[in-house]
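Visitor: Dropping a structure here in structure tokens format, bear with me for questions.
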């Protein structure tokens with residue numbers, strides 16, 4: 001690839017600007033003491049039916065915690081320590097009932113058709 005073409009491609013990407021991913025997860029990070037509870041919020045604005053919560057432990061791949069195929073329905077994969085609700089299409093909050101050291105992880109929310 002010529003240097004001129006490479007510079008043109010890089011310049012074009014600079015003008016693209018930030019893109020909304022359509023899924024928002026808050027808070028971005030949080031530290032809890034053992035026994036504390038908290039709710040991780042997940043919202044999507046793409047009218048997707050499916051929403052999922054995953055966790056990724058250090059050195060491991062993603063593991064499904066909960067999923068929902070539509071508002072009003074939920075199914076769990078990891079049975080202990082979590083609660084969810086899906087009252088509408090947009091929101092799928094995950095509640096850690098009582099934080100334990102075994103729940104130290106990165107939590108990720110996703111949505112799809």
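Cβ coordinates are placed from backbone N, Cα and C, and glycine is handled just like the others.
Okay, so Swiss-Prot annotates it like this:
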- 42-109: disulfide bond (DISULFID)
- 22-113: domain 'Ig-like' (DOMAIN)
- 83: N-linked glycosylation site (CARBOHYD)
- 1-21: signal peptide (SIGNAL)
Visitor: So, by DSSP, how many helix, strand and coil residues make up the domain 'Ig-like' (22-113)?
Guide: 3 helix, 41 strand, 48 coil
Visitor: At the Cα level, what's the spacing in Å between residue 109 (disulfide bond) and the residue listed as 'N-linked glycosylation site', rounded?
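Guide: Given the Cα positions, residue 109 (disulfide bond) is 14 Å from the residue listed as 'N-linked glycosylation site'.
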Visitor: Among all protein chains shown, how many Cβ atoms are found within 10 Å of the Cβ of residue 83 (N-linked glycosylation site), not counting that one?
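Guide: Counting Cβ neighbours of residue 83 (N-linked glycosylation site) within 10 Å gives 14.
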